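Data first, discussion second: the structure below is written as structure tokens.
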Amino acid sequence: MSVPVVYDKRRNLDCREEKEESNLAFVSQDEQDSSSFTILYEEPLQEEDRYTSAELRGSQSLLFPDTSSMPGLACERSESRTDLVHHFEKEGKLGEAFDGDNSEMFLSVEAKRYKIYPLALSPIYEDDSSQEDVLSSEVSPGHHGSSKSRESANQPSSVLSLLQSVSERLQRNFDGDDRQEAEEEEEEAVASGKDWRTEKREHVTFHLPDPSIPFYPEDNQEHAGIFKSYVEFSEPTTSSLQHGRWSEKELFLQKSDMTSKLHSSLKSAYHQYLQTSRTHSSETGTRFGGTLQEPVSKYFRVQDHAGRLSPYVENVDKQTLKCNPRPGKMIIYDLHGSKYKQEVYCNIPDATTWSFPNGALIKVVRGCWILYEKPHFQGQKCVLEEGERVLDRDWLLQNRKHPERNFVLGSIKRVLKDCSIPVIELCPKTDPGCSPIYIHRSVPNVEELNIPKSTSVTVKSGVWLAYPDIHFKGQATILEEDQGLFEISAAEMKSLHPLQMGGLKVEMPMNLKVILYEKPHFLGHTKEFSEHIDSVPTFLKSDKDFHGIGSIRVIGGVWVAYEKEHFKGQQFLLEEGDFEDSSACGALSGPIMSFRYLQANFIESSITLFESSHLESGKFIDITNQEISDLEEIGFGSETRSIHVKSGVWVAYHQKFFCGDQYILEKGKYKCFFDWGGSSNTILSIRPIQLEPLGINEPTHLLKAFSKAGFQGECIDFVKECADLTSFTPASFKVLRGCWLLLYYQEDGFYHQCVLEEGLYVDLTSCGCPSARIRALQPIDYVFEEPSISLFALEHCEGRELHLEDAVNSVLNKDLHFYTQSVWIKSGLWIAYEGSNFLGRQILLTPKEIPNWTAFSGWKTIGSVRPMKQPAVYIRIRNRAQDEYLTVTGNPADARTMSVCISPYSGKDTQIWHYCRGLFKSKASHTCLDVIGGRDTPGAKVALWTEHGQLRQKWRMSRNGTISSYLSDELVLDVKGGNYYDKTHVIVNQPLEGEETQKWDIEIL
């Protein structure tokens, strides 16, 4: 996520003071582009986890120090390239940067040197150890010490020594000049009677990885990334539910007014936290999922007073929250290759007839579920949250003693239907007069609550898991609502975790279909539609037997229901799934009067909220691919007066925790609350609608063909090529997945092509072939490279050249007037049109050379040309040699700790990617594959970094399975191999014939 911040830059010219005021400096964008030096920053070499914990214990943050106590936070502009190096050599004693409480962050005998690149560049990690700097003789399995590895072995150490010698010389040469310059400027300032500090201001943008994604290590700690722990005390004067997540506090607000002060833009939860954390510097914090978790013992004691709780809590009346119901969905696949599956949307009292002899892969799309061993929700239980999980027959304890038994599934129950706040009550039995504690979020260590060992537990709302070990380890006990009082000993409840629903999702955005039922629970007469309905009474008027809407089933797409006709009034989002009665659409005060479907890029979402009614002015916040449950807690405020949706579809809520009235926000600008359908400026929470990857055995291409126009008549699904359509004549199409090539012939007797991209084609005219007979349908393979094409004025790709990377609606216009005679398609897929403005006959162009365009196409020349719009899809990248997947490891909240390696299939977001603009972007961290330091040398490691679009982040996949870097065609993705700890890490290497570790397969999700 990119969060711009305005900093007040002050250059300290007083060289007589020996106290160092800053350890970091940032360079302006102009100097970033031209600077050949980097910032040197010392940091502990080993045990990075110890470093992060020490950083958390300190009362100040390295990146966000307390501005009141550190006036010299230097976002300084270096006067020259050498001045920047000199400045950091001069401030080598990192332990003096902050007070004594913070010095432990930096004190280390063994130190590691990092290169911190300017904001648009990726980091270079240079280790003093020989294992890191000198490339292993086993760069990848089977190399066995190739000559190219040995030649580059000494490069890092030589570069490091060269930089060190240069910095020492610069220090000697410029030390005297720097002091003299400082004294002169100080004398001028004193003479003028003004402050000797020179104030500068610059707009700096920090690129922060998305901190909301918890990282799960490779062990069996399924909930190791859960970091949400808050409680509420039952004192009548206060309600201590704290709304926001700590990860959301990593957002910063920004002031577009360049004359505002630094502290005015930092008066948020961060500033308050830094102020209050000083009083607790002696206590140790806990880190979960890379996000700071304050010691629960500080403010979760029953004896604490309301005044002491006030910095950490917020008065909220849970009863006033109006929860929005949501549908559930779970898909059960056969474990070993069979295409058999079962889709579950509601409770299944008896599932014993379902056959999964080898086990099942269960994908929970939405909601939380409980599997039972026996019918009617009896027997052993298994809790499932959103995500994938493999279950074999051993999920039942008794089956482990009887290997001959098959996989058993008795019944299924859905336990969460909205985003309501979970509440569990802990009441000490030894002290009846003591106030009970109400917990709302995960507690990794219940012992830190300092509650008696003998405690009674009551679940007020939601479903909770009680673990016998801290940090959510061991066999959990399921605690459900309305099941009375639980008597649990301290040994059985060391940590607590509530089940919670995930974000808004859509699986098949183009598969638009809704079925209306006359009665609740999907009974009575039905009506279905797949287009906008601006008036439900008019739509139902033709069916006299249909008397109102009792229940709704959304087959595909994401829809909005409106309280009034013509898409006005209150709004309610309809996700894919079942809405069994009117309470499922309880957000609307009246019946549904109109429906509308939503279309957008659901992979990348970006929005800006403004506190001013004038766009691009005042305080605002940028949000990318992240949901925020409490905008007030991050310091933005409760009122939003204008909105700019840059991409995706967002849902804003009138209340916190995604409760209350909903406002659907599509791409565009909203200048006041009337524009988004609100009754006031109040918006307290917001979240995007995101594309959900499909499960295993789902088709990568899907097209629905209809025998009549307007999606009427007989319907046939196509998932692969059909070479003969003589027995079925399609008249309209729904292209749901992938792109397709339609082959047809007209009266001239020649075959022609027509490309169908993802979308809806109500008739053949919308396809581009109004009077034609369709003969064949062919899916078009996905490509993972940026499009590039060259048109030539002479045959055989000679003469004047017109190079294109984007669409041109007229090649023959007065500006270009290019008469194409030959074509060289360098990369990507292109569509050539005979006429201008993408009209007329079409031809799909794949990478090759066409020496004579007229002989190839039968056209005189090209009228217009554009790249084919490949649909946005999620993918997994599998290494052929190791049969393992490209995986993100480390903490997504800290780019320095993240690395890229290969590991076995896990089903987690850390193995899911998507390709756009030449970038492979991780779904877990929203960062890109990046060659560390941009070194175009074999053996350079590949890491993750925020998108900056430079060549080191761009990749293309060739047809032979190699993934090459835009830095050089002679650099391809490889696995390092060898016997060291980093043997599974990914590097770039020279392409070698027959080297299977350099071959990758793309799995479309």
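Backbone N, Cα and C define each Cβ position, glycine as well.
Swiss-Prot annotations:
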type: MOD_RES; residues: Ser122; note: phosphoserine
type: MOD_RES; residues: Ser129; note: phosphoserine
type: MOD_RES; residues: Ser130; note: phosphoserine
type: REGION; residues: 132-159; note: region 'Disordered'
type: MOD_RES; residues: Ser136; note: phosphoserine
type: MOD_RES; residues: Ser140; note: phosphoserine
type: REGION; residues: 173-198; note: region 'Disordered'
type: COMPBIAS; residues: 180-189; note: compositional bias 'Acidic residues'
type: DOMAIN; residues: 367-416; note: domain 'Beta/gamma crystallin 'Greek key' 1'
type: DOMAIN; residues: 462-500; note: domain 'Beta/gamma crystallin 'Greek key' 2'
type: DOMAIN; residues: 512-556; note: domain 'Beta/gamma crystallin 'Greek key' 3'
type: DOMAIN; residues: 557-599; note: domain 'Beta/gamma crystallin 'Greek key' 4'
type: DOMAIN; residues: 605-647; note: domain 'Beta/gamma crystallin 'Greek key' 5'
type: DOMAIN; residues: 648-690; note: domain 'Beta/gamma crystallin 'Greek key' 6'
type: DOMAIN; residues: 701-737; note: domain 'Beta/gamma crystallin 'Greek key' 7'
type: DOMAIN; residues: 738-781; note: domain 'Beta/gamma crystallin 'Greek key' 8'
type: DOMAIN; residues: 828-869; note: domain 'Beta/gamma crystallin 'Greek key' 9'
type: DOMAIN; residues: 871-1003; note: domain 'Ricin B-type lectin'
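Listed by sequence, the residues of this chain that lie at least six past the ends of the domain 'Beta/gamma crystallin 'Greek key' 8' (738-781) yet keep a Cβ under 8 A from its Cβ atoms are 510, 512, 700-703, 705, 709-711, 718-726, 729-732, 829, 831, 841-844, 858, 868-871. Most Cβ pairs under 8 A with the domain 'Beta/gamma crystallin 'Greek key' 6' (648-690) among the ranges 512-556, 557-599, 701-737, 828-869 are made by 557-599. Remote same-chain residues near the domain 'Beta/gamma crystallin 'Greek key' 7' (701-737) are listed as 508, 510-512, 530, 556, 756-764, 767, 773-779, 871 (criterion: CB distance under 8 Å, separation of at least six residues from the stretch ends). The list of residues near the domain 'Beta/gamma crystallin 'Greek key' 4' (557-599) in space but at least 6 beyond its ends in sequence, with Cβ under 8 angstroms from a Cβ of it, reads 322, 324-329, 345-346, 365-366, 504-514, 520-522, 529, 531-537, 548-551, 649, 651, 661-664, 666, 677, 689. Across all of the domain 'Beta/gamma crystallin 'Greek key' 2' (462-500), the predicted model scores a mean pLDDT of 82. For the domain 'Beta/gamma crystallin 'Greek key' 7' (701-737), the number of residues in each DSSP class (helix H, G, I; strand E, B; coil) is 0 helix, 21 strand, 16 coil.
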